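Annotated features in Swiss-Prot:
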REGION    1-401  region 'Carboxyphosphate synthetic domain'
BINDING   ARG129, ARG169, GLY175, GLY176, LYS208, ILE210, GLU215, GLY241, VAL242, HIS243, GLN284, GLU298  ATP 1 binding site
DOMAIN    133-327  domain 'ATP-grasp 1'
REGION    402-546  region 'Oligomerization domain'
REGION    547-929  region 'Carbamoyl phosphate synthetic domain'
BINDING   GLN820, GLU832  Mn(2+) 3 binding site
REGION    930-1072  region 'Allosteric domain'
Amino acid sequence: MPKRLDINTILVIGSGPIVIGQAAEFDYSGTQACQSLKEEGYKVILVNSNPATIMTDTATADKVYIEPLTLEFVSRIIRKERPDAILPTLGGQTGLNMAVELAKSGVLEECGVEILGTKLSAIEQAEDRDLFRTLMQDLNEPTPPSEIIHNLDEAYGFVNEIGYPVIVRPAFTLGGTGGGICHNEEELIEIVTSGLKHSPVTQCLLEKSIAGCKEIEYEVMRDSNDNAIVVCNMENIDPVGVHTGDSIVVAPSQTLSDREYQMLRNTSLRIIRALGIEGGCNVQLALDPYSFQYYVIEVNPRVSRSSALASKATGYPIAKLAAKIAVGLTLDEIVNPVTQKTYACFEPALDYVVSKIPRWPFDKFESANRTLGTQMKATGEVMSIGRNLEESLLKAVRSLELGIYHLELDHLKELDKETMKKRIIKADDERLFIVAEAIRQGVTKEEINEWCEMDFFFLQKVENIVNMEREVKANVGNMEVLQTAKEMGFSDHYIAAAWNKTEREIYDMRKENNMTPVFKMVDTCAAEFESATPYYYSTYADENESIVTDRKSVVVLGSGPIRIGQGVEFDYATVHSVWAIKEAGYEAIIINNNPETVSTDFSISDKLYFEPLTIEDVMHIIDLEKPEGVIVQFGGQTAINLAAKLEEHGVKILGTSLEDLDRAEDRDKFEAALTKLGIPQPVGKTATTVEQAVAIAEEIGYPVLVRPSYVLGGRAMEIVYRQEELLHYMKNAVKVHADHPVLIDRYMVGKEIEVDAISDGENVFIPGIMEHIERAGVHSGDSIGVYPPQSLSEKLKEQIIEHTIALGKGLNIVGLLNIQFVVFKDQVYVIEVNPRASRTVPFLSKITGVPMANVATKVILGQDLVEQGYGTGYHPEEKEVYVKAPVFSFAKLRSVDTTLGPEMKSTGEVMGKDLTLEKALYKGLVASGINIPTHGSVIITVADKDKEEAMEIAKRFHEIGYNLLATAGTAQSLAEQNIPVQVVNKIDSEEYNLLDIIRQGKAQFVINTLTKGKQPARDGFRIRRESVENGVACLTSLDTTRAILRVLESMTFSAHSMKEITQTKRHEVVHA
């Protein structure tokens, strides 16, 4: 059927900020969909709140709205733009929920807007647990025994009938939010209560646990002609019981017989047809390993995380084709963009194995509960491709960027059998490593299978790796063993350690013996047809399929998996850099390993290598391609960390030199550079012993900011206010010695300013200056940023501009630089300089219209700023106000403290823009998920040092009609200031207390700056966690609180009695 001509304008709904459960995969799918619809001649309008994406670039759609994804704002856009249709299936759970809300509100009917791709009835049938169960019964498809419940009593009824364990699945939620497995009554009460709270329709499905079954996924496509195909089927190495986003996944499935494969394939196709989905759909199934009994777990009637993985695993662009199907085209009319010869109705075939390993944030949150269950915890993932599972798995392990090069962790070697058993049964982020350790220690595959029901096939693969380790260690210098180890994916790093050599020696040894990998093409058809895609992976085989052209080329290193501190912003910069390289006439080559991102879409670069970002894997590509050089400044810390090793291999680093990168990163060299330039910085020193640290802190005065010199991105940073806190930090957070010194700086309680600039070594251009609402001490990624600055004097602005220009020139920066300043007592100090792209590049690029990554790349390639139409100086400020607000995923990470500090905790960001700061702040806060009611109650529990400041805040809340609640100490301070307050019991009281108020939803805000320690038992910690679990905005920074007050005050009319007004005026006259 040809495309529809009765519609002209389509509104695409994005997925909003990155949170756990919904990451960069929707930037990839949304970008593809918008381009796909524009190709077909439709006018595309996009609404999304996330400025860090390629999707929200003005070139992606005909009109781009960066606005909150709420009913209020999306309805306004629909009424203004009057689209013919909306496409919500590419915006993740957010997009689907928005479509349901828009339909129920009547705005779609009022404006005559049609839903494309998946009908509203299909969304509700797949997402509403009751309707889905009924549909499965109608199709005679088995589901686990289950019951829909709306309260705890109904849950008890089901458990009494079926017994424990049971799985709780809340309706219409993302990444299993609020769900879990209950083994007893205590867990049932906790998880069901949480699930009902998180479900927008207060509904959960309780089902008998089928944990232990194999978990299999089918990614399917269907068009309006009822053509339906399987794009990819995938198998979770972890059995049912661990969320698929937290499971290690392989494609294609490895342990299914043909009969099982066909049985589950037919079921998947039957379900997509019954739902009437036109586009992509993900079906999750459970298979009993000992019979042909299977169960349908759930269906995602949209493009999902798994579809991004399936697209990159097969090369078949699901989102692009789903968009074309949504406008009426059929699979037999659409040409497969990979082969450019076959049609999209051909099912992809794979002649390689793909592995996906999740990237968890536990390196950031050491106190987090690492146990994996039905609620997702990973922030991102890596993917790798190999000719066998062992190779694929080991390549994925070293892609994780945790400093791990093999399936072994030193700290696990000490574990005894009983501890290993417990951890393998329970499942956490290290389970596969523990399985390998257990096999090393002689535990049998039968025992491990009994503990965790992982399939024998996968256990055998792990055993093959362990056996090969023994071979390697027993045959030092043996080339045949080395060849076999390399074919199994062993790294030079591992072999070097086993053979007591350096990694470089192993690399040279292989080159001398012609032992180098070849590159194979990902072509969707197992080489059955010729392919036109430049998409490659390495393996140790015979024929190389990556043909080197005679064009000059440049390699860009990507930023690897999405994690806290290194998000989609770096992928944005990478993609823009690649486009600039192509514009400059070079061949652009990208190396990355994240299946969720736009950068790993094969249509972006001239060549895509899907490989780990280690020196070994990167050098294989450089040895083949022989590029002009490598750009490292767009891939975050991942790429910067490779610069020194690349230079050792004789590779040219393009842009800022390694020496100058080091000058910005090395403490002593940086201090010397600042002194030479006459730029002030906070007083600080380096300690290599605990005694030294104590002496330095005494000398420069508390509070001090302490951090290790060898970790970046705010990890293990803390502000300490007295000696006992410093000693606690030195003992628990770092291991200090001569090689690992600790940096101790005077902590200045001032205003933080962030600047991004582009330098060509001679000229320094500053697109924008941002002011942080939270004072210095809160990580810049967790602060609310405002552009243009609202409270900086012209004099201070000039100082900042002068310092930025001096640093750009003085540090010989070629490309981007990011500087953080603190304004303290009307003086500007430099806190740090990052000689690379920062997370604010997409935000400032969109606001100012300066394509920063593009301009910086052209500078790196030799075109100076003046040639590009920019010179030295500050870009004229925009008239509107723009706010960048952080978004957190605390609800997914139990036992993580929500207090803001120098260590970054946010997973994503949103933008609010308007004519005034108050309106922009309102949009930013609402988009980030903070509800802003104009009245209600606020709980205030603050540390003694904050009491004075909190009084002014409390007074302002009272003025706008809020009811104030506080525990005895704070309440007394408020009463002394004649501020009305209701006293509530502390949390250790047996009677109705502060936590009960939070649980019952009787407070709209909690202001809490108590006990900023990391002990979960502390009062402050428990109050903050309870707020998160119950969806109450918990404010741990008084600056953030003031920002919210500004918004509330702007929304509230003043209500003063006439007497108060006359008294005030009389007072002014008296003191005039």
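These residue numbers are counts, starting from 1, taken along the chain as shown.
Keep in mind that glycine also has a Cβ here, set from the backbone N, Cα and C atoms.
Just so it is clear, the model here is predicted, and its values are computed rather than measured.
Known features from Swiss-Prot, placed on the structure.
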{"residue": "ARG129", "record": "ATP 1 binding site", "Cβ neighbours (10 Å)": "25"}
{"residue": "LYS208", "record": "ATP 1 binding site", "Cβ neighbours (10 Å)": "20"}
{"residue": "GLU215", "record": "ATP 1 binding site", "Cβ neighbours (10 Å)": "24"}
{"residue": "VAL242", "record": "ATP 1 binding site", "Cβ neighbours (10 Å)": "25"}
{"residue": "GLN284", "record": "ATP 1 binding site", "Cβ neighbours (10 Å)": "21"}
{"residue": "GLN820", "record": "Mn(2+) 3 binding site", "Cβ neighbours (10 Å)": "19"}
{"residue": "GLU832", "record": "Mn(2+) 3 binding site", "Cβ neighbours (10 Å)": "14"}
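Here the C-alpha separation of GLN820 (Mn(2+) 3 binding site) and VAL242 (ATP 1 binding site) works out to 41 Å.
Among the binding-site residues listed (ARG129, GLU215, VAL242, GLN284), VAL242 has its Cα nearest to the Cα of GLU832 (Mn(2+) 3 binding site).
Each residue in the region 'Carboxyphosphate synthetic domain' (1-401) has a pLDDT score, and their mean in this model is 93.
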